[in-house]
Amino acid sequence: MASLQEPWLLENGNLKGSSKEIRHARTAHNMSSSSLRKKSDLTLVSKVRCGMLRHLLTNLQEVILGTKLTVLFPAIPLAIAAECYGFGRPWVFALSLLGLTPLAERVSFLTEQIAYYTGPTVGGLLNATCGNATELIIAIFALWQHKIQVVKYSLLGSILSNLLLVLGTSLFCGGIANLGKEQKYDRRQADVNALLLLLALLCHMLPLLFRISAASVSLTEVPILQLSRVSSIIMLLAYITYIIFQLVTHRQLFEAQEESVEDGDDVLSEETPVIGFWSGIVWLVGMTAVIALLSEYVVGTIEDASESWGLSVSFISIILLPIVGNAAEHAGAVIFAFKNKLDISLGVALGSATQIAMFVVPLCVIVAWILGIEMDLNFNLLETGALTLSIITTAFTLQDGTSHYLKGLALLLCYVVIGACFFLNKTPLNHGNVIDLGVKSAAGSVIAA
């Protein structure tokens with residue numbers, strides 16, 4: 001690792017905060033991603049005499065080659081070439097999806113590097129905002145193309161994969177790898193996240209119940225849209241309060257996961273930045289631009305991939321997109337579970353699910369409102385039912401503060417069943433909820449009789 005005496009590491013002056021404070025700016029998301037990083041050997045680079053060239057090569061080595069996912073970077077130019085030269089649309093979709101995997105991990109790395117210079121509070125806010133940047137960008141592009149169902153499916157899939165797949169795999173693998181040890185975690189963090197997830201669930205269920213209980217669907221469209229927008233504002237205010245709770249007033253509740261990693265792990269022992277502040281900003285902007293480009297490809301080709309592969313758009317959006325797009329974060333959570341550090345694994349799974357449910361989803365509703373697009377929080381009966389059971393199952397699983405492999409297996413099996421459900425569900429995009437319409441028809445028949 002380059003030392004702090006190198007001039008490019010002091011582009012913005014001195015570092016802010018002590019090493020302990022800087023560690024507090026790191027979220028479980030950062031710690032999870034750091035397990036996929038590798039130390040760079042700068043021996044050859046340090047021999048370059050030209051300062052600017054040495055600076056550029058150092059940045060390239062740290063940002064591009066400083067991850068175990070470097071092998072996936074070629075998918076990015078291949079996706080661009082496939083789009084420019086008119087290759088098969090499913091190929092564009094698959095290559096873009098693969099290219100998003102290392103980019104998501106690198107965004108986490110860059111926000112952590114910038115946090116070294118901004119201090120723990122600003123760094124924590126930056127990490128909280130950029131933690132699910134990929135999902136947010138994909139959702140915004142889908143909104144821009146008026147693919148509201150793709151937005152809902154992809155965000156729902158991210159929540160389900162975090163609660164059932166990531167958490168389930170972490171608890172299962174951690175339980176198998178530590179059969180002779182008692183696995184414990186801090187219940188207080190899990191309780192906070194579960195409470196916010198239940199609040200988000202309430203905001204999703206009320207529009208659905210509103211529509212089911214009404215005599216006519218047409219009479220509920222405007223009230224449901226208004227209710228969804230008000231609920232979204234409330235959810236965003238609750239999320240802001242949660243950030244203040246996490247970073248300021250009750251920081252001690254979230255320090256356990258940081259203390260648990262201070263036992264000599266190489267991937268987490270780095271307490272100094274490896275790139276400068278302005279370099280981090282430039283790389284972050286560049287990575288975000290590439291994510292935006294690939295996200296546009298993903299949204300634009302998802303229906304072609306669905307038709308070519310014989311899979312429904314709902315299955316691709318709810319199951320495949322979250323699994324591939326967040327593979328780096330998910331793998332990191334499982335790695336820490338193997339090391340019996342469940343606080344970090346839970347922080348990744350629950351923290352990411354909470355951020356999507358309480359920040360990304362309501363933000364998409366507000367952005368759609370600004371763009372003049374009517375997006376509400378009614379995710380239809382089947383989708384909302386899956387979300388409800390997932391949140392309740394997860395809350396019950398984490399209520400006692402201990403874990404074993406059977407809990408993880410149960411969550412994984414829930415995910416498999418839900419995946420099978422959406423695999424068999426062939427409802428096309430922008431199609432009314434068949435079950436919901438069935439309720440209406442039945443209600444109409446009773447009235448007529």
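A Cβ is built for glycine as well, from the same backbone N, Cα and C atoms used for every other residue.
The domain 'Sodium/calcium exchanger membrane region' annotation in TrEMBL covers 91-247 (among others).
Within its own chain, the transmembrane segment (155-180) has Cβ neighbours under 8 Å at 132, 135, 139, 197, 317-319, 321-323, 326, 329-330, 333-334, 336-338, 340, 342, 345-346, 348-350, 352-353, 356-357, 360-361, 364, 379, 383, 386-387, 390-391, 393-394, 397, 403-412, 414-415, 418, counting only residues six or more beyond its boundaries. Annotation comment: TrEMBL describes 155-180 (among others) as transmembrane segment.
Summarising the annotation, TrEMBL assigns transmembrane segment to 192-210 (among others).
Positions annotated as transmembrane segment by TrEMBL: 230-248 (among others).
Taken from TrEMBL, the feature transmembrane segment covers 275-295 (among others).
For 280-418 (among others), the entry in TrEMBL reads domain 'Sodium/calcium exchanger membrane region'.
The transmembrane segment feature in TrEMBL is assigned to 315-338 (among others).
Using a Cβ-Cβ cut-off under 8 Å and counting only residues 6 or more beyond its ends in the same chain, the transmembrane segment (350-371) has close neighbours at 27-29, 128, 131-132, 135-136, 139-140, 143-144, 148, 151, 155, 158-159, 162-163, 166-167, 189-190, 193-194, 196-197, 199-201, 203, 228-229, 231-233, 235-236, 238-239, 242, 326, 329, 377, 394. Annotated transmembrane segment per TrEMBL: 350-371 (among others), in sequence order.
Residues or ranges marked as transmembrane segment by TrEMBL: 377-398 (among others). For the transmembrane segment (377-398), the list of distant contacts is 152-153, 156, 159-160, 163-164, 167, 171, 185, 187, 190, 194, 197-198, 201, 203-208, 211-212, 224, 227-228, 231-232, 318, 346, 350, 361, 365, 407, 410-411, 414, 418, 421, 425, 433, 435-436: same-chain residues at least six beyond its ends, Cβ to Cβ under 8 Å.
Counting residues 6+ beyond its ends, the transmembrane segment (405-425) has Cβ neighbours under 8 Å at 160-161, 163-165, 167-176, 179, 311-312, 314-315, 318-319, 382, 386, 389-390, 393-394, 397 in the same chain. Taken from TrEMBL, the feature transmembrane segment applies to 405-425 (among others).
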